[in-house]
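Read through the structure below, which is laid out as structure tokens, and then see the notes.
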Amino acid sequence: MLEHENEALKERVHGLERKVHEQNDEILCLRATLADVLRRLNSLESFTSKGRESPSGARGRRASPLRDREGISHPSTVFEEKGDASSLIDDSSKNDESRVTSPSQTETLSEGSCDSSNRERTSTGGSRIPTRTPVLHSSSILRESRTRLNSQDVRNGEPTPDRKSRRPHSTIITKRSSHQSTGSLFDNDNCPIHYKPITSPKKQMSSLSSRAYDFQSPTSASMHKRWSSSSDFSAQGIMGSSNSLKRLGSTNSGSLTNLTKWSSGMQKPGLRDASFNEEDGYIKFYLRGRPIVLYVPSHLIESYSLSTVTPGPQSRLKLEWAYGYRGKDCRSNLYLLPTGEIVYFIAAVVVLYNVEEQTQRHYLGHTDDVKCLCIHPNKLLIATGQTAGHDKMEGKPHIRIWNSVSLSTLHVLGLGEFERSITAISFSKADGGGLLAAIDEANDHVLSLWEWQKGETGHKITETKCSADTVIGVDFHPMDRHTVVTCGKNHIAFWNIEGGTLSRRLGIFESRDKPKYVTCIAFADNGDVISGDSNGNILVWGRGTNTILKSIKNAHEGAVFSLLVLKDGHVVSGGGKDGQLTLWDPSYRRTGYTAEVPEQYGNCRTIAEGKGSQLLVGTTKNAILAGSFELPFSVIMSGHIEELWALVSHPTEPQFVTGAFDGTITMWDSMSKTVVWTLDNGEPVQSLDISPDGSSVAVGTTTGKWQLLDMYTREELVQHTDGSEPIQVIRFSPDGKTLAIGSRDNHIYLYQLNDDYKKANRVGRCTGHSSFITQLDWSEDGSAIRSNSGDHDVLFWNPNTCRQILQPSQLKDVQWATDTCRISFNSVGIWPEGADGTDINNCARSHDGSLLVTGDDFGTVRLYQFPASNIKSIGHIYGGHSSHVTNVAFMHEDNRVISIGGKDMSVLQWKVLNQKNRFDD
């Protein structure tokens, strides 16, 4: 009888726990909905205010911070418009207020940004929801709503600001900086362009603002753009902020001595040992010890000077869309937020994608690959962990905790304490999310616990060696605040938190076949732990024990990659080999409902609960699908699955084509942000080009084979093979009658095209380079070809004779149809001081001849004025890629830029903002 009463009591407790969780979910949904409403109201109000604003009356000056290529942002230096680039006014001394710590931020602005995050004015240090500088027509009701929401955030475990820290809305110095790219480019009604305040706990320096029409008061010194121009630097500005960094434990990585090395941070513009021969009209410089001679056009010889500084362009880039998803090697990285957005990551970008509204917002605080993601129990805060990057300090693996509404960074954990990469993280649930668990992908796979709310950098409670084998998952028990579960190769472990220490109990498999991997874990409504393994089995572990209560053999063919417990207690399992989703009832019996992931998208990697009965599935081929057991799954995001090198924009349509080593060629539409068509070419793709009339696409592979395909039917028109080395570059002549093919075998092959690209006859081979061809350009009249090689050579060719033009000075006044050659007079300013010739991978000129965009080895996209013919040319720098940027291109109307990352497999679409459209955006 006593046992019966105990069982009844347990059932009652379980029932009460379920009700509490349900009520908490309802409260969280209401809070998240309110936050989304405020964001939308801000967006609407901002749009209305900008409609009343006169662009001509919004000029002033702006302080703009500097971020190096590793993501360091710095205090502001105001550039007054006096006609030269040397007019610097350092205002860092005017701002002694401590700023938000963040090891990295980018000046990456993104589409979908007309919301509260764009105009964040955190007037109280503890506020997490953004506020906006009041304008004459702003609503006091809206401000009151924001205040209430801020108070709610404080009640949910966030520190309450000191009364002294409060500032009027007109003071824009913030204690927590924003790292979103979704913010508007505009400040308020008095300032046409706005960049979010970003600071770094490690490095801060002054920067040169490239425009004088952006106004900022002395009290708003923290309003900065995330990335800045690579200009001359003020020592006073760099050192002036050192006091505010001491409390964050900053090292000498932020010192002037370190910054002037220009090794892994921002590189100083201008080539070393450059000289100008006025008599012969050429400039000479060195790349990796090789002398480079470039002739100055006749009309510029008299005015050309090495000391001239070309300022950055008035145009800016704003991240509009990120194509792709990282499901190939990451788990548990797909979630639905209460606001209707799904959150996931690709490269160094965390994407918040509203499928119904077809909008994206982007968090860009990371400097390298994001490897894991988790959601706080309040559904508003998100934690993301990254791998090690290039920089000695800011590139080290760390965890960033940020607000999903404002996209502002709240805490940065473990900078300098993690060794290799953060592979898994989890917020505690039973105590409201006060703790964070993290797995370091070091040799010992260290498990650490953090009180993440203590200070800007959190407090590490304890850490311990987790396992010598791979650990792929960690999660807090939702009902027991003292229990953490980890899983991985050859183990599942149950950890107990007691007295600030961790003790482990390994799961006992007894006589059952011990799996090579425990691949995923979930928690049943009654507190039992459910695990899936590489044997295809699902095991149920009793709450508070390390023994198996129930075993489901052969639940899937192959490994069980993901488990999801639905709100009604049902369990969904996803197979990593059979591609099936199976629904189990709360007693772990098959319900008979199954669904299958389409084969072309790979197998199930992770499952998330969507709206209603909808399920979201991330696949092993980097796609996100949406569907249910009643409705078929359809793709809502797709991407390449191997290294990405080939890119070309359509000459007349808002479309572009990419090709990767996975053998796929994909055409994308930049307006609808969708895939137009995908073709499996069967061989790794290295290069692409589209004919001037847009009817044919040329494909170069890594095997020496190249093809001409019909753009609309994808039918192969021509196929040839030239050597066995990769086709590095393939380019149509301006009239479309000749095709130039640059190979890794050091030769350029020329083909005459006839019969609507159905015939190609080889004209000859250009021989002269001593290294592989990297880029080539045709002249506008098709009478000459310019080529670069891997050993930094610049040669010119006569395409009619296939012979080298030995007098480059004869071509100094030639107009080129494209400017993709990294080494040319028009692009000499893109090379930083100390460049070794491999830093810059590619460049592209806008069709109107006003802008030049580049991609480099450090994952950054840079925008310059064209021509960038001065040794000291300043460019705006944008982050988002986590690998080398292998190609860039302007769309045919010059309103967008496309960039692709190599091993990060991402395709980023940037909107070009200029004087004409910046107020409309």
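For all residues, glycine too, the Cβ spot is worked out from N, Cα and C.
If you look up TrEMBL, you'll see 48-189 marked as region 'Disordered'. As annotated by TrEMBL, compositional bias 'Polar residues' applies to 100-116, 136-154, 171-187. Feature annotation from TrEMBL assigns domain 'EML-like first beta-propeller' to 359-627. Under the heading repeat 'WD', TrEMBL lists 553-585, 637-678, 766-807. Under the heading domain 'EML-like second beta-propeller', TrEMBL lists 644-912.
The residues of the repeat 'WD' (553-585), classed with DSSP into helix (H, G, I), strand (E, B) and coil, number 0 helix, 16 strand, 17 coil. Remote same-chain residues near the repeat 'WD' (766-807) are listed as 287-288, 290, 292, 294, 725, 728-729, 731-735, 737-738, 740, 742-750, 814-824, 837, 842 (criterion: CB distance under 8 Å, separation of at least six residues from the stretch ends).
Tertiary neighbourhood of the repeat 'WD' (637-678): same-chain residues 321, 323-325, 328, 344, 346, 353, 358, 601-602, 621-624, 684-694, 697, 699-700, 702, 709, 714, 886-893, 896, 898, 900-903, 905-907, 909, selected by CB-CB distance under 8 Å and a gap of 6+ residues from either end. Assigned with DSSP, the residues of the repeat 'WD' (637-678) fall into helix, strand and coil as follows: 0 helix, 24 strand, 18 coil. For the repeat 'WD' (766-807), the DSSP counts in helix, strand and coil order read 0 helix, 20 strand, 22 coil. Model confidence over the repeat 'WD' (766-807) is summarised by a mean pLDDT of 95.
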